[in-house]
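Trainee: Sharing the features that TrEMBL gives for it:
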type: DOMAIN; residues: B:40-143; note: domain 'Magnesium transporter MgtE intracellular'
type: TRANSMEM; residues: B:325-352; note: transmembrane segment
type: TRANSMEM; residues: B:373-392; note: transmembrane segment
type: TRANSMEM; residues: B:398-426; note: transmembrane segment
type: TRANSMEM; residues: B:438-461; note: transmembrane segment
Number of protein chains: 2
Amino acid sequence: MFRKTFHPRSIEGRPSVPKTLVEAIDVSTSKAISLWLAETGHDQRDYELQALEPDQAEALSYLLTPESAEELLDTVSPHTAWRFLQKLDQARAAALLDTLDSDDAARIIELMDEQEKQEVLLAMEHAQSASVRGLLAWPEDTAGSRMRPDFLYVHPDSTVQKAVEVARVDPDDLEQGVFVTVLEKEGQRLVGWLSPAALVLGRRDQPVSTLMTPVSKVKQWALGPLDDQEHVARKLRDHDSGVVPVMDGDFLLGVLTDDTVSDIMNEEATEDAERQGGSAPLDIPYMQASPWLLWKKRAPWLLVLFVAEMYTGTVMKAFEDEIAALASLAFFIPLLIGTGGNVGTQITTTLIRTMAQDGVRLRDIGRVLGKELVTGILLAGTLAIAGAIRAWTLGVMWYVILTVTLSLAAIVLWSTLIASVLPLLLKKIGLDPAVVSGPMIATIVDGTGLMIYFLIAKALIPIL
Amino acid sequence: MFRKTFHPRSIEGRPSVPKTLVEAIDVSTSKAISLWLAETGHDQRDYELQALEPDQAEALSYLLTPESAEELLDTVSPHTAWRFLQKLDQARAAALLDTLDSDDAARIIELMDEQEKQEVLLAMEHAQSASVRGLLAWPEDTAGSRMRPDFLYVHPDSTVQKAVEVARVDPDDLEQGVFVTVLEKEGQRLVGWLSPAALVLGRRDQPVSTLMTPVSKVKQWALGPLDDQEHVARKLRDHDSGVVPVMDGDFLLGVLTDDTVSDIMNEEATEDAERQGGSAPLDIPYMQASPWLLWKKRAPWLLVLFVAEMYTGTVMKAFEDEIAALASLAFFIPLLIGTGGNVGTQITTTLIRTMAQDGVRLRDIGRVLGKELVTGILLAGTLAIAGAIRAWTLGVMWYVILTVTLSLAAIVLWSTLIASVLPLLLKKIGLDPAVVSGPMIATIVDGTGLMIYFLIAKALIPIL
């Protein structure tokens with residue numbers, strides 16, 4: 001708190017700065033809520049808002065000004081906002097939703113069940129609910145469902161001065177990097193758009209058409225309304241703008257604002273991480289997921305993997321006589337198949353991350369395979385030596401040592417091959433390579449690795 | 001290509017639009033390079049630049065204008081830029097580096113070895129090399145090493161008009177959302193900063209001090225020069241600005257621009273993904289990593305996991321008599337420990353992703369454990385039923401079926417406990433929880449899972 005003493009705007013020392021949301025509600029002034037907001041990060045807000053009792057939530061709803069309501073509901077997760085609104089009566093909930101941009105309101109409303117949704121939309125202001133209904137009509141996770149449908153616009157023959165006046169209507173928009181669009185007429189074809197920088201640098205009497213980014217350029221980073229939101233990341237990597245237009249032909253339907261874009265990128269990265277962990281994406285913040293939901297998302301994949309892994313039992317049963325004849329063979333099973341799984345997991349995670357960022361394409365399959373096979377040979381050598389040492393320390397017979405050493409090398413190479421090819425193959429047939437999770441690779445390598453091990457054992461060990 | 005026919009700026013139909021970089025080099029005009037740049041995404045540029053032969057690279061270096069050099073080198077990865085510059089003589093390389101912003105130049109130069117670095121810095125323009133040296137002096141991966149040290153500034157008593165004139169010096173800066181800073185004097189304390197929006201909305205004769213974001217606010221999302229770059233993501237979640245100031249007390253040292261910020265967030269997400277896959281971060285793009293580098297990053301973790309997994313052999317040896325007496329016990333080993341690993345991997349990936357986004361804190365450990373244990377009980381029940389069915393179809397004796405069923409339930413719960421607690425524990429003792437990879441959880445569960453299995457078997461099966 002040392003830094004704060006430097007500047008006159010510090011609010012330290014004032015008696016009434018509430019430390020928590022509950023304290024702010026107890027103070028019972030709108031000012032206290034604003035002070036709390038000013039001092040609190042987004043995660044903290046989310047956390048404290050979740051924890052409110054229904055009567056505290058109701059008290060809060062009366063203390064929120066339109067500005068602080070927008071600030072609060074816009075910075076917590078849609079789930080947290082939704083659960084907060086559930087604690088209020090419908091008229092209050094609708095009034096708070098009216099303070100938000102329609103895309104932010106839609107994100108919260110889409111979580112409600114059909115009846116709740118219809119009721120709250122009826123209670124909302126007409127323009128806002130019409131706008132929200134329009135957004136909810138697009139399929140989930142499309143650019144259309146996430147865009148902001150209202151935007152500032154001027155005509156191509158307007159001056160910079162006129163565009164500035166239009167922008168003054170909602171200064172927050174411009175702060176968020178929202179562009180002023182240039183349309184032929186309201187609801188007509190897009191002609192170009194004006195960045196805040198263009199407005200700064202242009203002369204006030206200059207026509208906007210001389211400063212705007214022409215529609216041909218804008219289209220290069222536009223999405224269609226039905227495009228999957230995951231394409232956003234790729235569009236942005238090629239352009240400096242943080243705002244993505246949603247266009248249908250030459251018509252502008254809306255824009256994905258700066259913060260929507262970063263929300264989307266975050267959501268997509270989380271989904272990929274969850275898939276990579278061998279689970280279906282949760283779609284809601286982890287801390288708000290019930291055990292029942294977690295079970296629903298995890299159990300199907302666990303059962304798929306379980307069924308796939310059952311194959312290992314069949315392999316083991318086929319070699320029952322060998323295991324009975326030489327129990328020490330079994331000692332190495334977890335080590336061999338575990339190592340195979342680890343080698344494969346290392347490859348798929350790197351490869352899938354690179355593919356998600358467009359860094360590897362199908363035509364690179366030769367380069368990827370070449371690189372991974374050479375690495376695989378180096379790793380196979382390394383681990384074979386480690387395996388030989390381990391087998392020797394367990395005091396097993398020399399032919400078991402030899403079997404373990406060769407099997408490790410073979411399993412590492414086999415796992416390398418599977419893990420390098422599978423993600424690219426999945427992409428080729430149009431599936432999301434992110435489903436090739438570590439657990440899936442481990443499962444595939446377990447059964448086949450056992451076969452490799454027992455076949456080598458049978459070939460090398462005289463008593464089998 | 002339908003869309004392009006709509007607008008007059010289309011370059012289709014002109015005979016000379018090169019389809020590839022090599023074609024553009026063959027055309028041998030600067031214009032051809034610019035046309036290629038205009039039509040090509042960042043990944044494509046990276047790909048084609050990597051593929052150039054030394055003589056093509058040299059030819060290209062003479063065709064690049066300062067603008068196209070900056071555009072090209074700034075949008076490919078620093079590694080690709082570095083390898084391209086290595087194909088040129090020093091004077092050309094230095095001239096191209098002079099066209100970049102100093103932070104972008106530093107990102108490329110830091111990849112060179114000490115001698116290359118000194119030589120190219122000597123060949124560069126003095127102001128640029130001084131600036132780059134300043135950046136290279138900060139430790140790697142700190143905010144100081146990634147910031148842009150030059151920024152636009154005005155005095156607090158200047159007018160908006162004056163600020164606009166300052167901004168005109170480098171319009172690109174403003175396009176990238178770089179703010180105009182307000183300083184007491186050159187090199188003096190920061191007083192505030194002016195967003196492009198503030199410059200648009202203010203009257204031209206208004207003093208900037210009435211429009212600026214005061215330093216007290218700016219400090220809330222500032223980083224210190226020695227702060228780890230990974231803090232950037234957290235700072236940005238709490239603020240709408242895409243630009244992060246780097247401050248030492250009241251002094252502004254530089255800014256992390258929009259694109260640096262998104263590069264950093266990308267790098268950090270890639271590092272986390274690589275760690276989660278049980279490997280050390282590569283630090284360079286995958287497609288440019290040699291097998292030797294891949295081996296160096298992967299082998300140490302594989303050996304650590306191998307040594308940890310060796311414990312399974314010791315457990316198996318301890319139960320050698322039981323396996324020899326009842327070989328069918330061994331059938332289920334891969335299935336049991338594989339499932340335990342899968343359950344744990346699902347939990348750690350979700351948990352670590354949530355922790356990376358600050359969504360789970362140490363004080364939540366009780367909530368996390370409660371949620372996961374209830375989920376674990378549901379999953380244990382589900383998998384125990386699946387296990388009983390599987391054991392029954394393998395035709396083993398009823399007490400083996402019972403052993404497998406109970407062991408599966410116990411292993412799932414054990415894995416749940418380990419995977420929920422370990423990441424939070426690591427964070428508590430100050431380590432990066434992302435090192436708790438899927439392979440690590442699987443390894444921990446393998447050995448302990450075997451013990452659970454054999455102990456249950458000994459207790460239940462009369463002949464052991």
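Just so you know, glycine gets a Cβ as well, placed from its N, Cα and C.
Keep in mind that what you see is a predicted model, and the values were worked out from it rather than measured.
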Trainee: Would you mind listing the long-range same-chain contacts of the transmembrane segment (B:438-461), meaning Cβ under 8 Å and 6+ residues beyond its ends?
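Mentor: Distal contacts: 276-278, 301, 305, 308-309, 311-312, 314-316, 318-319, 322, 326, 329, 332-333, 336-338, 340-342, 344-345, 347-349, 399-400, 402-403, 406-407, 410-411, 414-415, 418-419, 422.
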Trainee: List, by number or range, the same-chain residues at least 6 past the transmembrane segment (B:325-352) whose CB is under 8 A from its CB atoms?
Mentor: 272, 276, 312, 360, 368, 372, 376, 379, 383, 387, 390-391, 394, 396-397, 400, 403-404, 407-408, 411-412, 414-416, 418-420, 422-424, 433-434, 436-438, 441-446, 449-450, 453-454, 457, 461, 463-464
Trainee: Would you mind splitting the domain 'Magnesium transporter MgtE intracellular' (B:40-143) into helix, strand and coil residue counts from DSSP?
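Mentor: The breakdown for the domain 'Magnesium transporter MgtE intracellular' (B:40-143) reads 77 helix, 1 strand, 26 coil.
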Trainee: Give, as a single whole number between 0 and 100, the mean pLDDT over the domain 'Magnesium transporter MgtE intracellular' (B:40-143).
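Mentor: Mean pLDDT across the domain 'Magnesium transporter MgtE intracellular' (B:40-143) comes out at 92.
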